[in-house]
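Pulled from Swiss-Prot:
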BINDING   44-49, Arg121, Ser129, Tyr184, 218-223, 247-249  3'-phosphoadenylyl sulfate binding site
ACT_SITE  His99  active site, proton acceptor
Amino acid sequence: MMSDYSWFEGIPLPDMWVQKEIVEDVHNKFVVKDEDLIILTYPKSGTNWLIEIVCLIQTKGDPKWIQSVPNWERSPWLESKSGYSVLTSKEGPRLMTSHLPIHLFSKSFFSSKAKVIYLIRNPRDVLVSGYFFWANTNLVKNLESLGIYFEQFLKGNVRYGSWFEHIHGWLSMRERNNFLVLYYEDMKKDAKGTIKKICDFLGKNLGPDELDLVLKYSSFQAMKENNMSNYSLIKEDQITNGLKLMRKGTTGDWKNHFTVAQTEAFDKVFQDKMVGFPPGMFPWE
């Protein structure tokens, strides 16, 4: 699988949609504006769900926008060639998405007032979700077994690098008032409460009926049926068994796939790598 990567500044980037030259430009040239809103995640953490919620909050629950424009056009990917081009030419407030680790992100962000929503998911579920996602595409040649992918994940030799370093890097920003941290598990447990939290962060005041519409149209089933959100528009030659972007949308699926030995190995790495964070900070602990 490593043949599908380009290494840049110690991070393996997916060849199929990220070019090193664009990432360099993002880091050195891209100007973040104070009125921008940035959705940041490590891959397979619920990114598209968050995009859907944020878009629906902006329209007060009206689904016309999310049902007529693909999500990668509503919130372009900063590190993709097409997304970068759109964002650099767009005037006014911009909504954008990125998986980049903190050391590759736009330097201009750190002196701006732009708002960031950073979504975190249990890395065990991230690992399993990522494996099955790539297994269903033609984007990866010779995908190894889950066991080997497990080892690669713990070493950080997967797309966008180490989950642990990604989290450490971005969570260093968590005390800033323009940086909102969300957890996938909390979203699953209390989606409405999470939507309200995002509204408060963005200064948006939605009524009860509008909140219910956001909840309705951002549900797993609604997104699965929305061709603008389920990636069914992706060219067929890029996929094999259908691009399973939305496989289960559950928490705890890793328990169906990890062996006892893998569970113990993961727990040890997690404890070693996440030292320094307060106990109980992560909802899956």
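Heads up, the Cβ atoms here are built off N, Cα and C, so glycines get one too.
Shown here: features listed in Swiss-Prot, placed on the structure.
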residue: Lys44; record: 3'-phosphoadenylyl sulfate binding site; CB count, 10 Å: 25
residue: Thr47; record: 3'-phosphoadenylyl sulfate binding site; CB count, 10 Å: 23
residue: His99; record: active site, proton acceptor; CB count, 10 Å: 23
residue: Arg121; record: 3'-phosphoadenylyl sulfate binding site; CB count, 10 Å: 26
residue: Ser218; record: 3'-phosphoadenylyl sulfate binding site; CB count, 10 Å: 28
residue: Gln221; record: 3'-phosphoadenylyl sulfate binding site; CB count, 10 Å: 10
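Between the C-alpha atoms of the residue listed as 'active site, proton acceptor' and Ser218 (3'-phosphoadenylyl sulfate binding site), the distance comes to 21 Å.
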